[in-house]
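Read the structure below first, then the notes.
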Amino acid sequence: MAKAKFERTKPHVNIGTIGHVDHGKTSLTAAITIVLAKTGGAQATAYDQIDAAPEEKERGITISTAHVEYETKNRHYAHVDCPGHADYVKNMITGAAQMDGAILVVSAADGPMPQTREHILLAKQVGVPAMVVFLNKVDMVDDPDLLELVEMEVRELLSKYGFPGDEIPIIKGSALQALEGKPEGEEAINELMDAVDSYIPQPVRATDKPFLMPIEDVFSISGRGTVVTGRVESGIIKVGDEIEIVGLKDTQKTTCTGVEMFRKLLDEGQAGDNVGILLRGTKREEVERGQVLAKPGSIKPHDKFEAEVYVLSKEEGGRHTPFTNDYRPQFYFRTTDVTGTIKLPADKQMVMPGDNATFTVELIKPIAMQEGLKFSIREGGRTVGAGVVTKINN
């Protein structure tokens, strides 16, 4: 069946369902599509179709993820749902599914459980900006006092991990009732989508952020100077703009004297473009792959940071043995590898393949870095882990 193409006139937001196993994430995802399909905002997608999530590879890591899309009056959404807990951990750490916001699903019958906590913590670590709560399975709870208690617990948990627990909208409903077409079930879904529309902030578009381009290659063109190539990650670069070359060495200032794409000269390059940028007065040997071009003052080089990391299992082609303190692999940032030393927290002796962990890293050379930057951990050319910078330490 051909997919109906959505008109992309509305602002776009990436979202996902998170929460403990069997609390109803996939049922809720199905219910959203089925309720919104009635007003033409989605293609109704059954639970089984979402649950049979295809496997995808992101930086050598196998992740099962289901994608659905739908729209409300105000926005167009791409929604991710994962079948297993490990898939969430991998997804959030690798950024395979970029989330501008999340719907935390908590079963009213069980209250917050271990993975509820872990997903809230992960969301905080990887920088998910906001979340809305769906208190599911309320049809199984007869006592209103119990519902109130669960809601209080959820709010306390959110506050504990740095989310505004008192402000976050909590919608009570039953995904099952919505799937069965019961009016109270559908009403809760509509209420949830209104909350998501109003509470999850509109993400800043890549072109509105400061200019940043990771350098992939450097050429010398006789009579014209040095050209660096790469894909613009964010912002816009115009001919005549002053820029900085950041990372690996001391930061240098230069000016962009030309932008070209597909051998044509342009006035500007913007986020998503693969461009060549001509640099005034910069020698070929002063620039290298792994540095970035950036708007002056927008990003700094750092060599010490804290990270949340997923370590590949043996089956995924990762290590067969755990690693301990002072492990020294390569950290692959954007376009290059830098050696670094891992310092584990005092209470952790080792990290097992298939685990996720928080630890500190010290690189031998600084990299242009900001919180939220993703990286891979490599050993002898193969990927053994994936991580995200959660805090910069120097």
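Using the three backbone atoms N, Cα and C, a Cβ is placed for every residue, glycine included.
Marked as GTP binding site by Swiss-Prot: 19-26, 81-85, 136-139. Marked as Mg(2+) binding site by Swiss-Prot on the basis of sequence analysis: Thr26. Marked as domain 'tr-type G' by Swiss-Prot: 10-204. The region 'G1' annotation in Swiss-Prot covers 19-26. The region 'G2' annotation in Swiss-Prot covers 60-64, and the record cites similarity to another entry as its basis. Summarising the annotation, Swiss-Prot assigns region 'G3' to 81-84. Swiss-Prot lists 136-139 with the feature region 'G4', giving similarity to another entry as the kind of evidence.
Using CA atoms as reference points, the binding-site residues Gly19, Cys82, His85, Val138 were checked against Thr26 (Mg(2+) binding site), and the closest is Cys82. Counting only same-chain residues six or more apart in sequence, the Cβ atoms lying under 8 angstroms from the Cβ of His85 (GTP binding site) belong to Val21, Gln115, Glu118. Same-chain neighbours of the region 'G2' (60-64): 53-54, 82-84, 87, 90-91, 94, 96, 310, 312, 316-317, 376, 382-383, 386, counting only residues six or more beyond its ends whose CB sits under 8 Å from a CB of the stretch.
Residues 47, 50-51, 66, 81, 83-85, 104-107, 110, 112-116, 119, 136-137, 175-176 of the same chain sit 6 or more residues outside the region 'G1' (19-26) yet have a Cβ under 8 Å from a Cβ within it.
Each residue of the region 'G3' (81-84) gets a DSSP state, and the totals for helix, strand and coil are 0 helix, 1 strand, 3 coil. Per-residue pLDDT, averaged across the region 'G4' (136-139), gives 98.
Other C-beta atoms found within 10 angstroms of the C-beta of Asp22 (GTP binding site) number 13, with every protein chain shown included. Residue counts for the region 'G2' (60-64) by DSSP state, with H, G and I taken as helix and E and B as strand, are 0 helix, 4 strand, 1 coil.
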